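*Asks:* First the structure, which I've put down as structure tokens, then a few questions once you've had a look.
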Amino acid sequence: MSYFLASCLGVGLLSTVSCSLQGLTSHYRENIPRFKHVANERYEVFLGDEIKFDCQTAASKISAFVEWYRNDKLLKNDQIDKDKIRKDNNRMMLHLKNIDVSDQGLWSCRVHNAYGQISRNFTVEVIDFCDYFLFPDIHHLNIPMECVCLWKYNKEAKRSDVNYAAVTGEVCSKYASRMINRARKPLPMIPCFGDHCKEFDTTPVSDFGLPGKPEDDPLVKRVVLKKDDVIVPVHDSEESPSESRTEFINADEKENKEDEEEDYSVSQPVAPDAGLTELNITAEEPPYFKSNDNIVLFNETHALPAGRTLKLNCRAKGYPEPQIIWYKNGKMLKKSSARSGGYEFKFNRWSLEVEDAVVADSGEFHCEALNKVGSAKKYFHVIIVNRMRRPPIIVPNILANQSVNINDTATFHCKVVSDLLPHIIWVRINKINGSYSYYNNSAEEYMFNYTEMDTFDKAHVHHVGDESTLTIFNVSLDDQGIYACLSGNSLGMSMANATLTVNEFMAIHLLTGDEPKIDRWTTSDYIFTTILLFLLLAATLFGILFMVCKQTLHKKGFMDDTVGLVARKKRVVVSKRPMNEDNENSDDEPSPYQIQIIETPITKKEAARKQRKRMNSENTVLSEYEVDSDPVWEVERSKLSLVHMLGEGAFGEVWKATYKETENNEIAVAVKKLKMSAHEKELIDLVSEMETFKVIGEHENVLRLIGCCTGAGPLYVVVELCKHGNLRDFLRAHRPKEEKAKKSSQELTDYLEPRKASDKDDIELIPNLTQRHLVQFAWQVAQGMNFLASKKIIHRDLAARNVLVGDGHVLKISDFGLSRDVHCNDYYRKRGNGRLPIKWMALEALDSNVYTVESDVWSYGVLLWEIMTLGGTPYPTIAMPELYANLKEGYRMEPPHLCPQEVYHLMCSCWREKLEERPSFKTIVDYLDWMLTMTNETIEGSQEFNDQFFSERSTASGPVSPMESFQKKRKHRPLSAPVNLPSEPQHTICDDYESNFSVEPPNDPNHLYCNDNMLKNHIITPETSQRIPSNNNSMSKPEF
């Protein structure tokens, strides 16, 4: 243990470190089989009962096999009596029916796979029915006659208070067959009853087969007992004794189909001094657990990690046998009641099982036992927490440096978070020969010099759960130094340390006598104060004078402008843009056209008419702007009818509308329009997007422009309607186990909010979503981007939120508010102050504000990652100021859960740092088309095409990319495989729309910046982008 601690401590000083256990790697340890349930390994059963041996294992990627043994000998299929023993290899269970004496002993199972094996033993003990009446509390008059006869003919006088001499062959004759079945061992002889037999004449036993089920006799009689008399059955009729039987217990002799122990109860005992008495076979009583009070008897709390099986027991007694009803949070549970994720509740006879429990299964459960006499309840408080398969986490800021005086007490606190049971110790790091570490020749590594604090007499260590406290009493200068808290479990170890500083006693000089009187105000102080007051007065007078002059000039200028005129009309003119000599765009506008605002004066009469029209309609402040009409795309306003709003942003709205193309043809469309609070800049942006739609043309995977409403009145841009909303929300709707992220109205930005499905438009989900569907989505987007690239259009904002899902799940690329036409240059340089989505931006765009088609390829790789994670948020654990530095150092996102190897290769090739090494959209379309058309066997066998595609883009130097390391470990996954998300999702959903971050993130390397309120991490402006330093050394790369 000490050597292992020293090896772990040798990693580093004054920082949290982790150390993995030596021996099995985590890869092997996680794949060793483990049992799913905690099984009962000892069974005490009666003859004729049934047993189920459970060796089921938890879900794993590695197939496991089970073998069954009887007394350490393998049970082969040809040696098994199939009528008695049945194997269930799928559920890894063994069913043993019709228990007889020969089944008593050891049964075991062994589960194994390629990584290891586990075993479980079961002990079976057959309890004789008559052994129950050996308890001294049961009066001898209540013992069934068949048991007395069995003990007599088996020559086992097990009860000394029974008069065996009074038991005759006539009384025992009707129990002959039952006596054989009840025997723990075969009787040495079969009793012979009748006049022709002697009293104890016997016939040798020749053969004993497997005992069958005891005969069920429906005739149940009453018994009349006399004081101190033997048991003699008295019949109500003259029926043959063999046709009736005496029953003293309420024993259910039918086969128990449940996996729980059967209840047996006896009638009320008869006192020895009782007279002639009639006994009832059973007595009605209400359900109860430990008492007969119909009140809440139990209130249990069950807390366990996710993935375990939760079992709530509600074993109740009573007659008639109670019926159990389960409730969760006050609602009755049925077999049709659904759990989170599509799982079902498992109802046993006396218990409720919740397999693979998740956090959503937490809540208040209670069971109610009912019969016709009464009821009883039992309550359970269930808490399910997520598992953490990792070494312990030492909570930061708990263990802090201490500074105390000599002879005082120093106290250090350490708190650990761990799913597994952690082990915590305290050590002191010693400095020997000027160094805290030394080189261990046998281990060939540096280790710390340390001493465990348990060996110190004046140190006390106290553990309470996951918290530990180190207390050092009567500290001295020798105790000054570094103390560390070490915590470990089966997955590794973590360390945190703090420094203890001991203060010596210092001499304090105290002044005595009266304090001298000193004049605090000197002549220079008076002069300085006077000058300051004069300057403040002068500044105040100057400010008042400035405001008065400004108001006067403003009023004069307004009067001059309104002489004969009251307003100006502004026309939005779109014309061809003249090219500069350097053939480079000079601002943010697209190159083929330019948008200008031309003002023309209007008369008072025309201005008054416009003012009345504005007040009586939906026109906004922008009503004085008129956009030149385009006859090719113009749509009459009278043919549009707005239905309801689909989405909105800070200055824009998207409405669902109906467009009447002809008298008899009416279609549903989407209309983009500006809000009343919009300004001139937003109008120009909407006009720019409209012109981009006109330049692009039509393609199946690009949102189609239907027309626009220009001229006098608000500007409407009419596009086709995609009823399933955007791709991000469509994919998140297929997530079965998590809440969909909702966006509050306070998080709206200047961008138009992506359309989200409302109650009026239900998303048509794909019933069985497979990897082929996801690759099909990626192929459609690549086709649309290939079309835009052929048109020399740079999208600049390619993301899942800007891809819409139409009829038949056809994807449409939309939102061209940031798109630019680069017919002349093949690139575009950003010079304005617009906002940009940095999570989807390429390195060259973050570094130099340069955008090319290859920049869209980078964004396509991020969108592909969103598709494979069903709408996950990229870089959820990296703060935005650190993103650029991490990307420059070679970091790329890890492969999504169960992502095919070929798809992740494609992502990594899109994230190449050099532009020329990224594939074109034409190459991406061909590659995805190859994946969709080839069969699974062909994909695995056609590595030549796959290797050639990626080898052409491999770099000659630099760190190993995630693609190369992933290629060595990942296996091919067929596209027909279902998309199985883990019970606890690996890819977080964070809100993608945030405002500009104005607060620097806290200096905490362990903090996960996912939807952090202190860090707005989606969109930045060029001013705030300067906070991303270009020097890689100044940024700390987080650990992954």
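Each Cβ is built from the backbone N, Cα and C atoms, and glycine gets one as well.
Pasting the relevant annotations from Swiss-Prot:
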ACT_SITE  D797  active site, proton acceptor
COMPBIAS  234-257  compositional bias 'Basic and acidic residues'
DISULFID  C55-C109  disulfide bond
DISULFID  C314-C367  disulfide bond
DISULFID  C414-C485  disulfide bond
DOMAIN    33-125  domain 'Ig-like C2-type 1'
TOPO_DOM  550-1040  topological domain 'Cytoplasmic'
TRANSMEM  526-549  transmembrane segment
*Asks:* For the topological domain 'Cytoplasmic' (550-1040), what is the mean per-residue pLDDT, to the nearest integer?
*Replies:* 70
*Asks:* Rank aside, I only need the closest one: which of the recorded positions C314, C367, C414, C485, D797 has its C-alpha nearest to that of C55 (disulfide bond)?
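*Replies:* It is C314, whose Cα lies nearest.
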*Asks:* How many other Cβ atoms sit within 10 Å of the Cβ of C109 (disulfide bond)?
*Replies:* 23
*Asks:* Kindly report the helix/strand/coil residue split of the domain 'Ig-like C2-type 1' (33-125) according to DSSP, in that order.
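*Replies:* The counts are 6 helix, 46 strand, 41 coil.
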*Asks:* Specify the count of other C-beta atoms within 10 Å of the C-beta of C414 (disulfide bond).
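*Replies:* Result for C414 (disulfide bond): 24 neighbouring Cβ atoms inside 10 Å.
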*Asks:* Could you tally the C-beta atoms, other than its own, that fall within 10 angstroms of the C-beta of C367 (disulfide bond)?
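*Replies:* For C367 (disulfide bond), the count of other Cβ atoms within 10 Å is 24.
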*Asks:* What whole-number Å value do you get for the CA-CA distance of C314 (disulfide bond) and C414 (disulfide bond)?
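*Replies:* About 40 Å separates the two Cα atoms.
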*Asks:* Work out the three-state DSSP category of C414 (disulfide bond).
*Replies:* strand
*Asks:* Can you figure out which of C109, C367, D797 (the recorded positions) comes closest in space to C485 (disulfide bond), comparing Cα atoms?
*Replies:* C109
